[in-house]
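Visitor: The annotation domain 'Phosphagen kinase N-terminal' is assigned in TrEMBL to A:45-131. Residues or ranges marked as domain 'Phosphagen kinase C-terminal' by TrEMBL: A:158-400. Feature annotation from TrEMBL assigns ATP binding site to A:161-165, A:H224, A:R269, A:325-329, A:353-358.
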Amino acid sequence: KRSSITRRVSLTERLHLLLQCEYHSGTAGDVGLEIILWSFLSVGPRSPQSADYPDLRKHNNCMASSLTPAIYAKLCDKATPNGYTLDLAIQTGVDNPGHPFIKTVGMVAGDEESYEVFSDLLDPIIKERHNGYDPSTMKHPTDLDASKIHSGNFDPRYVLSSRVRTGRSIRGLSLPPACTRAERREVERVVVDALAGLHGDLDGKYYSLTQMTDGEQQQLIDDHFLFDKPVSPLLTCAGMARDWPDARGIWHNNEKTFLVWVNEEDHTRVISMEKGGNMKRVFERFCKGLLEVERLIQERGWEFMWNERLGYVLTCPSNLGTGLRAGVHVKLPLLSKDPRLSKILDNLRLQKRGTGGVDTAAVGGVFDISNLDRLGLSEVQLVQTVVDGVNYLIECEKRLEKGQDIKVPPPPLKQFK
Amino acid sequence: MVKDSSTQQLIKRISVNWSQLKMKYSSDQEYPDLSQHNNHMAKVLTPEIYESLRDKETPSGFTVDDVIQTGIDNPGHPFIMTVGCVAGDEETYEVFKELLDPVIEDRHGGYKPSDQHKTDLNPDNLQGGDDLDPDYVLSSRVRTGRSIRGFCLPPHCSRGERRAIENLSLESLDMLDGDLKGKYYALKNMSEEEQQQLIDDHFLFDKPVSPLLLASGMARDWPDGRGIWHNDNKTFLVWVNEEDHLRVISMQKGGNMKEVFNRFCTGLTKIEGLFKERSHEFMWNEHLGYVLTCPSNLGTGLRAGVHVKLPNVSKHDKFGDILKRLRLQKRGTGGVDTAAVGGVFDISNADRLGFSEVELVQMVVDGVNLLVDMEKKLEAGESIDDIIPEQK
């Protein structure tokens, strides 16, 4: 059921099959075959390849680091079965040379097949971004068994809130940079239909962006649930804001602890959160909700995009694997002033952000601390990393409060050769 | 892959299947939600027209969805009724006639698909225009656009095409001499001093921020292939690869519109000649005149205007009506997206298509002269009722 794209066919067999087969995009078994067949197809450039090669001299993103003229020449006239091309995939990286706080990826996928058709470029990008993970040789572990987490209940005097998010894509439908309006509406229909099947503490309601009332809108803003049309040029240049707000919406449970964004940066973004430090409970709800939604869409003949080498497939290569960001808002006023903080975080495989999200800086010693990694480690492993790391940071803060010294933890073993 | 005949057949089969993939969903399922929209595209695009056009594309691959994306993403504008569609190449206006003809008719005062457009770039045909009162008219300006035939337009062009347009343009512009002799400044190679000077001269254009332009893909790859050329006298300016292949601007302080228009026509004609020497021509046809990215700029693509002080007239309750009758429009001095400040208005022709360049500049000259007369009368406490014009 989980399609692994490893089937190899000979050239003659390919041509033979081309003459015979019907194109049914999206069924799990045919996807692999289509990809191999399509990757031989020439779309036909309008000008010589070198004339189209982007000027990346002022650029500092992963795409610019990996896109040599040779790779560009090889891939520029290829397209996925949905017609997504290299130029479309890299446009965001060409238009956005760099970001002040982070080295951006600079490339997106328009569909599941992008990761195959453009693997000559995406594999090195994935390797750079994911700490040496090599998609051509390695396998990604998936583990959504929350019972394995230990010590996941933080001191609420320090941890203000806990949150776990990921994304999921519906196999057979193009991703936000490339989807047509009908595909996007289909994503909405499939997901909302499935979410309607959730019960108990997950019982909830969907608010479509096009139809919400002013009252509903205000409530969602007050709850900090409402997402707005993207303004970040990283996203708008990739075409993700097209047709806004058509087929976009927010679903959340009545208790406001489980939230699903539909058709924002991915088909779905799934978020489990609560005030306080019970990360274990947050992760339990996260796993339960995800597995239940997966079961519900499978009942209706759909599945999530997933494969052994890349794990869950999402729009941005940075979110492959688990797509998981588990984090806390934590008060570390003393530690925030300690020059060793960055090193400590690095060695714990954690990152800090401001409490406004990826594009903000920290305010008042309150940080958003989350896992750095996404791919090559399972969900359980990553959440445990956050749990262990945050516990360590709180220990440091307590020691500093008492005037004691703190230690930088040893660096982790190098993960991927 | 060697392209022998059996492979050709294969590729044909696959292309057919490919467009079938695009047609996987029904027209109703793909039809955009235009219920909140107020632009020309939204008024015209019925589900039937969408259905009829959705399986078509121009030779370079531009589709109806590409044409209308900007209009879907931008439901309306506070000051003007936007067009809501763009062309990706010259053929767009043919392949998507069913949509664009009614949009053009709506936007250009009833211009019919069978109408012919007259081009007249002979400045001698302009009557007067050399003496608009400089106490009121602060500056005069004429602009238009030109597209180079055979290349895709800014919403759709590849980087290679855009660079080729830039090279062709600067080769040609380099050959201009006399009053028009000048220099090209590529956006990506500009020094700090050059940049500052261009800003001080109000020549520098920046990456578009208007969502009307961004949503159509015109800002892709910025600033690659973009630049500004101007003559040493700073009275003739060409923008390369901004919203059109070329935007040509003639301008100077004061009210001598005739001189501005002279230079405009001379410069344009010379540039066209230089392109022809290089075997390139401008996109033009008898029905649509000069072909540009936005349907609102077809025909002449010409906006002739002045910055003029009209603090009294602008407060008159018939101001809007007067402008309408004179076939003029007002903007703030910051351009189309701004409001007027301190009684100083940008007054220009409202029309682009169906009138020649000379006719449009004549309307501006005559109209501004009348407005200045009205301003003087109101200053003197006199009524202007007897000089309110008929509808042109």
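Every residue, even glycine, has its Cβ placed from backbone N, Cα and C.
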Visitor: If H, G and I count as helix, E and B as strand, and all else as coil, what does DSSP give for A:R353 (ATP binding site)?
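Guide: Looking at the DSSP assignment, A:R353 (ATP binding site) belongs to a strand.
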Visitor: Just give the helix, strand and coil counts over the domain 'Phosphagen kinase N-terminal' (A:45-131), going by DSSP.
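Guide: Helix, strand, coil within the domain 'Phosphagen kinase N-terminal' (A:45-131): 41 helix, 2 strand, 44 coil.
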Visitor: Counting Cβ neighbours within 10 Å across all chains shown, tell me which of the binding-site residues A:G327, A:G356 comes out on top.
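Guide: Its Cβ has the most other Cβ atoms within 10 Å: A:G327.
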Visitor: Counting across all protein chains shown, how many other Cβ atoms sit within 10 Å of the Cβ of A:V164 (ATP binding site)?
Guide: 28
Visitor: Within its own chain, what residues at least 6 apart in sequence put their Cβ under 8 Å from the Cβ of A:S161 (ATP binding site), listed in sequence order?
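Guide: A:S161 (ATP binding site) has long-range Cβ partners A:M273, A:E274, A:K275, A:G276, A:V328, A:H329.
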Visitor: Counting across all protein chains shown, how many other Cβ atoms sit within 10 Å of the Cβ of A:R269 (ATP binding site)?
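Guide: Excluding its own Cβ, A:R269 (ATP binding site) sees 21 Cβ atoms within 10 Å.
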Visitor: Under DSSP, is A:R269 (ATP binding site) helix, strand or coil?
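Guide: SS state of A:R269 (ATP binding site) = strand.
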